Amino acid sequence: MQATTAAAAAQLLTDTRRGPRCSRARLGATRLSWPGRFAVEAFAGRCQSSATTVTHRFSAISQATSPRRKARRQCSDDQSALQAGCSKVNRDQHGYDVNWFEEISQEVSKKLRAFYQFCRPHTIFGTIIGITSVSLLPMKSIDDFTATVLKGYLEALAAALCMNIYVVGLNQLYDIQIDKINKPGLPLAAGEFSVATGVFLVVTFLIMSFSIGIHSGSVPLMYALVVSFLLGSAYSIEAPLLRWKRHALLAASCILFVRAILVQLAFFAHMQQHVLKRPLAATKSLVFATLFMCCFSAVIALFKDIPDVDGDRDFGIQSLSVRLGPQRVYQLCISILLTAYLAATVVGASSTHLLQKIITVSGHGLLALTLWQRARHLEVENQARVTSFYMFIWKLFYAEYFLIPFVQ
């Protein structure tokens, strides 16, 4: 113990010799050992107090700014509601536009279908194919197919189509009550077109037809248009000495003259004389087309009345089907067509060109065989089948015009 005391005294003496600064540092460290804990606690207390103050102030600020936030939130909600409302309005408007467009499209489509039926499309196709075939007959070589020829052909075709629509439209105007029985699907009989609309269409296409004919300057074309107008009007108009469709012979004569004679001769002359500037000269194909189409047009004129017997009888139309009965008229029509095909086969066999001979003989033979096969199974009492067979005869009519240019 004495040794320990002596060592401590020696250490104190050494520190004293080193200087008072070291002694004060050691003594200061000894003094701060207890007071440091109190300082930390005091500092922690001050921090807690400051935090509490900040919390109170933040709470006060939050309370002060809460109305603004509520207002801002309310504004945001109102804006969202407004956007939703605008979106709904836009959707409704878009839906209205779509519905309006669909309604307009449906209405336009309905009117176009009605106009298509008003034009009697099977007659339109017959006019197009017939005039096209006849217009090819004067052509001698590929050099004849020029822009001038195309222009002359289109003028004749457009004028003839407009006159065709006038004739069939006029017939519908005077046959509304009859068509309600015989052809209830036609637009005037079905009420899809008003009488005023029918009159407007008929007059418009008549004016267009004559305008095109006058502009072309073709005498044969104008002759064809004038005769078609006169015969078509006499066939349908209810007036003294008119309404020729009441009489079987006059009705058949109108159709035969226009379809068989006028179309072949007038449009052939238009292309050869007016367009090609050549002297008018008949050809073998032209003579054959005229004679064959006389038979075919007579069949069309007679057969078209077979499904219309009921309405024609009720309104006093004395067609051959009303007088003789549908069965007899049907047998007569089939006999005429088969005889015409037989004659066409003989004419084709007399051709000096092998290719033309093969086409005309085989073509007419095939058409005759098809006709005979279908005619065997037809029930005349079935109006729907008779109407379908009538459309089949028109298809044979179209096919014949494809064979006529090969008859040479």
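Glycine residues also receive a Cβ, built from the backbone N, Cα and C atoms like all the rest.
Noted in Swiss-Prot for the protein shown:
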- 1-68: transit peptide (TRANSIT)
- 122-142: transmembrane segment (TRANSMEM)
- 149-169: transmembrane segment (TRANSMEM)
- 194-214: transmembrane segment (TRANSMEM)
- 217-237: transmembrane segment (TRANSMEM)
- 248-268: transmembrane segment (TRANSMEM)
- 286-306: transmembrane segment (TRANSMEM)
- 329-349: transmembrane segment (TRANSMEM)
- 352-372: transmembrane segment (TRANSMEM)
- 386-406: transmembrane segment (TRANSMEM)
Surrounding residues of the transmembrane segment (217-237) on its own chain - C-beta under 8 Å, 6+ positions past either end: 152, 155-156, 159-160, 163, 166-167, 170-171, 173-175, 206, 209-210, 243-245, 250-251, 254, 257-258, 262-263, 266-267, 269-270, 273-275
Region pair the transmembrane segment (286-306) / the transmembrane segment (386-406), three or more CB pairs under 8 Å: yes
Proximity of the transmembrane segment (386-406) to the transmembrane segment (329-349), 3+ C-beta pairs under 8 angstroms: yes
The transmembrane segment (248-268) and the transmembrane segment (122-142) contact flag, 3+ Cβ pairs under 8 angstroms: yes
Long-range environment of the transmembrane segment (194-214) - Cβ separation under 8 angstroms, sequence gap at least 6: 115, 118, 155, 158-160, 162-163, 165-166, 169-170, 172-173, 176, 187-188, 221-222, 225, 229
